[in-house]
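According to TrEMBL:
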REPEAT    119-160  repeat 'WD'
REPEAT    161-202  repeat 'WD'
REPEAT    203-239  repeat 'WD'
REPEAT    305-346  repeat 'WD'
REPEAT    407-449  repeat 'WD'
DOMAIN    900-970  domain 'Bromo'
DOMAIN    1036-1106  domain 'Bromo'
């Protein structure tokens, strides 16, 4: 009250009036950015706290622009009002120069191109692939006479173009991106509209198969050209009008044709247009290159170049200029250039040339005649790349002809060379060995490698490959009908796609009119006018509804119309009818096999098809239009496919053949065989630090994403008092199928003072989750990290995805304020690319002086094997017994290799085939097998012996869980597990059969006739004969083996014996095997390989159907025979050991029976040694005895 009384002059709005006075005064002294705007809350030039310095305009000196910031000039501040900025920017360019492309995009970036998806979309080899001009669509042409259109962004099948009745030999897309043309071995060319998929023209100007097809870049008004070459030695120029598709029809019978057939048998096999389309170069089997010119109004032949001495089967114009390169079977390539007066001069490239300083050629190499298989230019035309039939790529200077590099890596002939669309350093190569390489042409090194391995069929030969126009993706096709898409970034858009993508109308019969146009036989409609088809797998079975919505035109169809009704098939085995689809949707989600009662296995092998098989489903829908009904004929379209040999099902639970979602499959975190620092994989006996903060973050992430139900009240910090970090030991591990597969750990606390285990423990349940940091850290890594003294501004490197990434430590601060002393995520770091992140001390490593540095701030450096070993766990004394980890691992690996030679071990020698047993991963959370254990031992995956023992025990546990506990296979698993565990514990044993303490009942007849050790030994060694017979039987049933089953008919192919010195066929191999004339599987392998060698030699056309059949069958044979030969060699080694032991035993028995000089006193050590030798025979064959005689095996110590 006194204060109010003393300041009666202060009105209630006194402060408001002061602010009103301050604003105009400030505006007169320091004007605001926008006059007339008054605010007490303004910022910058509108703030009431602004000063003259804040609002004055700054001027930059010219030197400020002299340095680039991240490849561009520095940004000016808002108060910079210099009008001469244009002059300074020009000065900036003069001072700094252009940014080097190699700095912006280092070659190492291309190693991040990964496979996004492999899709089975054809029933035969796919020789042709093309992108449209925008890179958004992929076109594939196959030996099944289909052209398919795919989305390059997510892999969806957009359309199938039908009409050809023979193999597709080439594809071409016009430059306006409105038409696609396909040439075929049926001697026709079909052209479709890309907008409507309607047929535009059927061109029938050839009397032989089409060998090449191209649209000309030449533009003259609305006139355009397309050129085709054929085995009839003709070159056809098809003229068309860009404004009228129908002009094709008007001139289809009269193309501008050149017949270049100086003698019978000549073929025109390749062609290439110059960059502007004025010149066309063609190669022929008569060794002549012919040049055509389109600039005179109509095409004219300009020149014939006859410098080659053998057929010219590869030719390619450069990207700019009048130069082209030709490759010939004479072992040379030539770079041709147009000079004055229509003269073409060439630079010779000799494929026998070597690099200076290289070792002299061997006698065999001198005898070998090189042949050029493919030629190409880099994007800037500075180098020419040639592929040679000795599997080498050679890089030449295109101006001088100097050999620059020899690129090694392929193991078979290369027929794909694809330059990057804008990067002159990059070249892609692919071959029949299944390898795809991306090369750095400047350094002559590999940048990226992919091997096209197909499970159960060996590798798939790569037939074609193309980049998109922006270079961000590329796609390839193979001998088994796959389309494989690669690219940068995430593959998530492709994950919604099934592995096998077909339309149910793909192989329906067609009706053809006199002009070559087609109608669907059943619906009498043109294929492009038919309603949207159903999406089916390779057997013709419809995919679940979620996949049916991927078909264009079926995105918004009701669920009851998404999948056709199934009725009785041809064989009468399919009896299911779905009248009400909504009540059976769960059944379709599992894609239940309707042949389940017949115990028919669904085949994984598609490329190797059995002949005479019709196993699709008849697809009908009562309310669907007739065009959507799948008929009896549709089933015939799915007849070319393979069925794997049926396995014995006794002892197994009857399994439903259903497709399990990928979410049930165990992640690589569980199944990996190579040790990594992160993510942490728990093992029995690990001493770790548990961080509560990290565990809470994991729980929050699971709840946020609703990944699986989690009870917050059952978390360990709710049931007991836990500090921010606890020192614990892993005393229990269990995995659960949720999904996802969860790891349940029992963690027993350790007294940090004494280091002894306490009686307090708690359990956690978790899995490896992206973007969630490990909250369990090995004690060893934790202690090592604490011993390092890190300071601000210290440089470090960290391992992420098997690469070193570099950065700087900014400061140390707690991750959460309530845990100020915790080291979890306590470092604030700045990566070299500018990103700020939190890391833990065990995540960062010191940078050695000689460490390799990244090429750019945004690139990493691959971690070497030595560096990885240095940062991984070091085994402590006693964890691997007295010998140490390396010796113990080598001993156990040898024991496992001997163990797998026993017949009953075969089901456990490798991973369970999830295609044969798709429900396995929904029942077994932690799969393991002997091969996985061996690989983990080889890579030092196990940190101690107890972790290995825990893995071995799961072989028996998994067998009993998935099968009946008393089944034969479960008993076998028990025997194998006990033998291996006994061998592991006997640290001085070198043979799992000798040093076992297994005792048997009813084994008195082991020395009886017919059951002797020598006889059983011969059975094990000779098991290869039965395996080879089964392999031959299986190959005979494959459709691809049809040309090789019998000897070649000399009357039909009279020149065969002139070309092939050693004829061979599968029938002769089978007869030799049945007559027991092969001494070992190696001889059998040599004869079978001779079949494929003969086929390749007699069929030089790499695009022929028989050649692709040869590649598929040989790839399957190589994968199968390698296992047979490996098992045979292992069995032979074991037999030698047994024979030495037998001789030693007989020698001891002879010494015992001989009269001693000291009377009848026996050598004291002999009984013990004899017992060991007796065990040799009992143990080695106890597996076979216990299984064949069904006698119970008793284990005793």
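Any Cβ shown, glycine's included, is placed from N, Cα and C.
Source: prediction; values computed, not measured.
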- Message: Do any residues, 6 or more residues outside the repeat 'WD' (305-346), come within under 8 Å Cβ-to-Cβ of it, and if so which ones?
- Response: 269-275, 279, 281-291, 352, 369-377, 379-381, 384, 386, 396, 398, 401
- Note on the structure: Residues outside the repeat 'WD' (203-239) whose C-beta sits under 8 Å from one of its C-beta atoms, at least 6 past its ends, are 166, 169-175, 179, 181-191, 247-248, 251-253, 255-261, 266-278, 280, 282, 284, 290, 292, 294, 299, 516
- Message: Let's see if you can do this one: DSSP helix, strand and coil counts over the domain 'Bromo' (1036-1106), in that order.
- Response: 41 helix, 1 strand, 29 coil
- Secondary structure of the repeat 'WD' (203-239) by DSSP, residue by residue, totals 0 helix, 22 strand, 15 coil
